[in-house]
């Protein structure tokens, strides 16, 4: 009866959705209020990428220390990992409604702390609080929506950061007037209250039936819990003892790790910085271009909706990875060429720009005739481009805000992240290409696969383990990106991600089966027998798509 795949939305389902919400608008109010939680992570991710440009201007220590920039960006992810674990506990002990309200308060406090931060470490504290709120709501909002929706229709930088307090305030106020999840109420033996909520969601003639279904569902879940254990360690031990669950976990965790190690969140968190690395010194221009490229992520998600059920999860991910590798190698080539052909350093301009303004390493090295802009930036100095033609030799100077202002005062462009490049626009186009080929395959499909590959009794556990793997990989990648660009250069960093993507392509080819349109029982058979992909063997049912996995 239960299908492993997520069926495509057809006209009948859409009609049912509109009919139900028209008759019972209360359902839409429930879903939209809880759904505000989904905006929090997206807003936080988008805003920190642009705010970082201006934070560097306000705090000299942040501008000078790459590790501090990485800390500011990634601590919200670390907070989200802890917040997700806290949210899972709060969901059962306090209920869904109180969990969402608490997450809103934490996110609001974090936004306030960030907006008022007098020093970078206070900003980091605010980022941790925001991450906690994001993690808590990411665990609770989808659960609340699913449990309060009828079954038939489920399916300056300070202002930039401070305005993040608005969504949780709105959600908090609206949430106060909404009820607790009927499922949680029933589990707490509050039958009358659960019935009252169901009466607001369902027509009167369906309430009794839904109450019985709720009862049987909870009893089945409790029986499953009794058979696999109540805590993480007993569930993990039980999962490892079953071949099909173990292989499902390997496949689910693999796609989540690959999703992060192709480097996507370096683009999401650092896209304006990457634009500067590509040669766009203006913060406004860099921020604007980054919004265009990241907006393509939404376009890719729509493409996924159109094709994932037609072509399958496995094929979408493999094709996506092939084009991701092409995009990353091309990006690496462009950044390498830009570094090799960066404007040279003018010795006279560098040594006569102003008192004590010359880059110290530049003055201490006997022969600097081969120095160019990129050599200068690698010494943590800044480059003041030639007046009139930014591609002509310029000055290598101390990377201080005052020196940069002096450069601007001479109507010249100041570079301290990337160098002037004639290939900058090509880099932006390639970045857009990378995002649009990532989104429909590696962007959405790993989540779809994790929602359908596990046996029912292990679905919550398996999905949780895979999600935590994703958050952890996200933390590692976002924490390391700027350090990698310093150590390897931009071109070397993108080439490294291309290497990770190639390893991910191999891993998915050998470890991840196709789940499109397969009932859960069939998925379990494929995982248990461990069929190999072509050319190592084919599924005995002679299906058109490989279902290969290894032990």
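Note: Cβ is positioned from N, Cα and C throughout, glycine not excepted.
Among the ranges 488-512, 513-537, the stretch that TrEMBL annotates as transmembrane segment is 488-512. Range annotated as transmembrane segment by TrEMBL, chosen from 259-283, 284-308, 359-383: 284-308. Of all ranges given (3-24, 157-178), TrEMBL attaches the label transmembrane segment to 157-178. TrEMBL assigns the feature transmembrane segment to one of the listed ranges (217-236, 237-256, 317-336), namely 317-336.
Among residues of the same chain six or more beyond the transmembrane segment (317-336), those with a C-beta under 8 A of the stretch's C-beta atoms are 255, 258, 262-263, 277-278, 423, 426-427, 430-431, 433-434, 437-438, 440-443, 445-446, 449, 489-492, 494-495, 497-498, 501-502, 504-505, 508-509, 512. On the 0 to 100 pLDDT scale, the domain 'Major facilitator superfamily (MFS) profile' (30-516) averages 83 in this prediction.
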